[in-house]
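One structure is given here, and the rest of the page talks about it.
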Amino acid sequence: MSDKQNWTASRGRPLSGTLDIPGDKSVSHRAVMFAALADGVSKIDGFLEGEDTRATAKVFSQLGVKIETPSPSRRIVHGVGVDGLKAPSAPLDCGNAGTGMRLLAGLLAAQPFDSVLVGDESLSKRPMRRVSAPLAEMGARIDTEEGGLPPLRIHGGHALRGIDFVSPVASAQVKSAVLLAGLYAEGETSVREPHPTRDYTERMLSAFGVDIEFSPGYAKLRGGQRLRATDIAVPADFSSAAFFLVAASIVPGSELRLRAVGLNPRRTGLLAALRLMGADIREENPSSHGGEPVADLVVRHAPLRGIEVPEALVPDMIDEFPALFVAAACAEGPTVVRGAAELRVKESDRLAVMSAALRALGLRVDETEDGATIHPGSLQGGRVDSHGDHRIAMATVVAAQMAAGEVVVEDVANVATSFPGFDALAGGAGFGLRNA
Ligand code: S3P
């Protein structure tokens, strides 16, 4: 018997209610990091109390930054300035978080002290050469395990020089690592991306007073700048909202309101894809939350049809493919995904694991190198191994809402990395879901 935590998910009732989705993971990581580097005290509101983002906060405590938690989802960060971090006395544990490890690699490569970044089993299998290579070009010294894997042993005390980096991958984490190192480098550092990715680093550095030039797919900053403390309001995470958008679309009779969800255009590819499929999702009460566009999303059940997902949308929905696969499973006609090879190096190989999940529930999925064709059909009960991937687990729970029998979702503990309280929120909205 394994000691892994499982859920049993099954058809519930039509989904209804008004839901508050937890704070954005990408924004929460960066808010703690940049507040820690700033001169002065910053308050963060709406901080994601997930394991990933708490791991990042803990890393900064180990680096000598005082971080208070006056109440859940709030942090008060006493910034130490760009030159105020202290040498850690033990390895820094990033948990499951690629964002934490890759951004920290850029930041720590520029410090006068040595450090070691470690992660959990999943993170320990994820490629780090994509950050260690450009950082080495800047003059950093980072040792990885064989194959460019963590732990990262970072040798401090090396002067960095700015580079013009043309990134081979569309990755906000890679871009951000180079820009953070660039803050400490001699001269200017620029990053050009093959496709524009989320620009939170650029927007937030700018909010912290850094002079940074950026446009979709491009960013440039000068080294030697300081950050000025500022308060950050974290919007609700679109990637967490995504599971409810799909669930309410596929379960007949559903209507959900998701309050004040972050709608940064580099994150909302799934919204566009679902609308192409015929989904009924309205945006209401638009406003701005800490400089980010937000709105309530009101989603009602609607019959979906299969689509060829436009490749240009892929980077804007890179975390949403597990949810998209489930929408596709319940549509009329096949859905084709291409140009999504990056999914193979996420928290799990999401093309393989999500294809296997739908097959375990009775569907046909044809997997390719960089995508899959999902053939819809009637979902059956079964067992699905989430491979410890939070988004696979949640997507499977959504699929189970349309399955003929019970679905045991194995290895779900990592849902807490991005969406603590998912099970309670989903259960309250009408999902059939219990601990198994
Ligand atoms: C993130 C960037 C994306 C995304 C991840 C969060 C970020 O990763 O998948 O969940 O916060 O910068 P990549 O940079 O690897 O595409």
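Backbone N, Cα and C atoms are what each Cβ position is placed from, and that goes for glycine too.
For the region 'Disordered' (1-20), DSSP puts the residue distribution at 0 helix, 9 strand, 11 coil. Taken from TrEMBL, the feature region 'Disordered' covers 1-20.
Residues annotated as domain 'Enolpyruvate transferase' in TrEMBL: 12-422.
In sequence order, Leu103, Ser176, Tyr200, Thr201, Met204 are the residues near Arg30 (3-phosphoshikimate binding site), counting only same-chain partners six or more apart with C-beta under 8 A. What TrEMBL lists as 3-phosphoshikimate binding site is Lys25, Ser26, Arg30, Ser171, Gln173, Asp319, Lys346.
Positions annotated as phosphoenolpyruvate binding site by TrEMBL: Lys25, Gly98, Arg126, Gln173, Arg350, Arg391. Gly98 (phosphoenolpyruvate binding site) carries a helical DSSP state (H, G or I).
Sequence annotations record features per position, and here TrEMBL assigns active site, proton acceptor to Asp319. Classification of Asp319 (3-phosphoshikimate binding site) by DSSP places it in coil, neither helical nor stranded.
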| task | Would you mind sorting out which binding-site residues among Ser26, Arg30, Ser171, Gln173, Asp319, Arg391 put a C-beta under 6 angstroms from ligand 1? | result | Ser26, Ser171, Gln173, Asp319
| note | Neighbouring CB atoms within 10 angstroms of the CB of Asp319 (3-phosphoshikimate binding site), all protein chains considered, total 24
| request: Sort out the residues at least 6 away from either end of the region 'Disordered' (1-20), same chain, that have Cβ-Cβ distances under 8 Å to it, and list them. | output: 236, 244, 247-248, 251-260, 301, 381, 393, 396-397, 400-403, 405-413, 423, 425, 427-436
| query | Taking Arg126 (phosphoenolpyruvate binding site) as the reference, which of Ser26, Ser171, Gln173, Asp319, Lys346 (the binding-site residues) have a CA within 10 A of its CA? | reply | Lys346
| field | Pairwise Cα distance maximum in Å, phosphoenolpyruvate-binding residues per record: Lys25, Gly98, Arg126, Gln173, Arg350, Arg391 | value | 19
| task | Ten-angstrom check, please: count other Cβ atoms within 10 Å of the Cβ of Lys346 (3-phosphoshikimate binding site), all chains counted. | result | 20
| note | argmin Cα dist to Arg391 (phosphoenolpyruvate binding site) over the binding-site residues Lys25, Ser171, Asp319, Lys346 returns Asp319
